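S.K.: I'd like to ask you about the structure that follows.
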């Protein structure tokens, strides 16, 4: 035991003294937005190894793995105490088999295991944070077989965010195991301006709440519905791309909104090239929820290799139109109805022109024709004809355009 302890401490010391100025994240990860599941939205602190194993099982049997989801992420409250040498331990009551055994189980399913920590002394739920233990924790995670680290921002009043996140990035890289690094700084310090070389994604807002258009006051902080989070993405699309994504938070599909709201929520997250991290109970979700979360054509828009975040193309108040360039000259177009009533909408393509200064795409619809397919109901048509659609209240119509 003593020999193993000295070896472990020696490895940590070696990591600390060998940090290079060119330290980097693992560049081969998140070339498209990551897809997975996270425990927080539904379970909060009520997590244990039995439930996590069941979620891994459900991700496979529900068809979510086949649809592209791969990460099973444990959020806050898995932590026990640090041992006398500062190494973090899993809560032995709720994770009696240990994290290595849990990771082995998840890996045997063809999935990956994610874990949570915090840049401060304590996590948001008061468990041990990683401040001052970054290299120890990264080495521990690597030894457990962890594949994903979500790094939160509680208890950080006197910490520089860029430095704090860079330190954990360096620690993960030095630990030697590729781990996706998810920055959860809530957008308070504009991580999009400095985090491209630090993490694979960064949160752009505070926490999500399962509502269409609300701000939920928790006292000292607020959480936000679908539309407020969408609106906070204005001006951020230029920062997104393969390996570095604007993260709009875990999804609330299946957690109490209407079917149309869930479909719109999922479609918008896909268009904005946000990570698609489910936040519902995978074990008992409805067929409708499963159909939304595994919708092949929507996921294809999110996972398009160009990695271009959609732009708001046209704004007519309650009716907004988003467009996203895709591979092979294709485009995805989303009509969003923010209002409480359904809307009949007439759209003459020939009157419209699209120019995207960021991705350098442009379309003259009076000169270039596309065939379109409504990805949610299968209807087809052409941009040579006037489009007449009914956009549901709190809903979307999504078309995929392909060159004629």
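Note: Cβ is positioned from N, Cα and C throughout, glycine not excepted.
Remember, predicted model here, so these are calculated numbers, not experimental data.
What Swiss-Prot shows for this protein is this:
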type	residues	note
ACT_SITE	152	active site, nucleophile
ACT_SITE	207	active site, proton donor
BINDING	185, 186, 187, 188, 189	substrate binding site
DISULFID	45-77	disulfide bond
DISULFID	124-154	disulfide bond
SIGNAL	1-23	signal peptide
S.K.: Nearest to residue 45 (disulfide bond) by Cα, among 152, 185, 186, 187 (recorded positions)?
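M.R.: Out of the listed candidates, the nearest Cα belongs to 152.
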S.K.: So which other residues, same chain and not among 185, 186, 187, 188, 189, have a Cβ within 8 Å of the centroid of the Cβ atoms at the substrate site?
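M.R.: In sequence order, the nearby non-listed residues are 153, 161, 190, 191, 203.
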S.K.: For the recorded positions listed here (45, 77, 124, 188, 207), which one has the lowest count of neighbouring CB atoms within 10 Å of its own CB?
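M.R.: So among 45, 77, 124, 188, 207, the recorded positions given, the one with the fewest Cβ atoms within 10 Å is 188.
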S.K.: Which of the recorded positions listed here (185, 187, 188, 189, 207) have a Cα atom within 10 Å of the Cα of residue 154 (disulfide bond)?
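M.R.: Of 185, 187, 188, 189, 207, within range: 185.
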S.K.: Please report the distance from the Cα of residue 124 (disulfide bond) to the Cα of the residue listed as 'active site, nucleophile', rounded to the nearest angstrom.
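M.R.: Per the Cα atoms, residue 124 (disulfide bond) and the residue listed as 'active site, nucleophile' stand 8 Å apart.
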S.K.: Roughly how many angstrom lie between the C-alpha atoms of the residue listed as 'active site, nucleophile' and residue 77 (disulfide bond)?
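M.R.: Pair distance, Cα basis, whole Å: 13 Å.
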S.K.: Restricting to the same chain and to sequence separations of six or more, state which residues have a Cβ under 8 Å from that of residue 187 (substrate binding site).
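M.R.: Result: 202, 203, 204, 205, 206, 232.
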S.K.: Take the C-alpha atoms of residue 188 (substrate binding site) and residue 207 (active site, proton donor) and report the distance between them in angstrom, rounded.
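M.R.: Cα-Cα distance, residue 188 (substrate binding site) to residue 207 (active site, proton donor): 12 Å.
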S.K.: Within 10 angstroms of the C-beta of residue 154 (disulfide bond), what count of other C-beta atoms is obtained when all protein chains are considered?
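M.R.: Cβ-Cβ neighbours of residue 154 (disulfide bond) within 10 Å number 19.
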S.K.: Would you mind checking how many other C-beta atoms are within 10 angstroms of the C-beta on residue 152 (active site, nucleophile)?
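M.R.: Neighbour count, Cβ to Cβ under the 10 Å cut-off: 24.
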S.K.: Where residue 77 (disulfide bond) and residue 186 (substrate binding site) are concerned, what is their Cα separation in Å, rounded?
M.R.: 19
S.K.: Using DSSP, would you call residue 45 (disulfide bond) helix, strand or coil?
M.R.: coil
S.K.: For residue 186 (substrate binding site), which of the three DSSP-derived states applies: helix, strand, or coil?
M.R.: coil
S.K.: Please name which of the binding-site residues listed here, 185, 186, 189, is nearest in space to the residue listed as 'active site, proton donor', Cα against Cα.
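M.R.: Given the candidates 185, 186, 189, the nearest one is 186.
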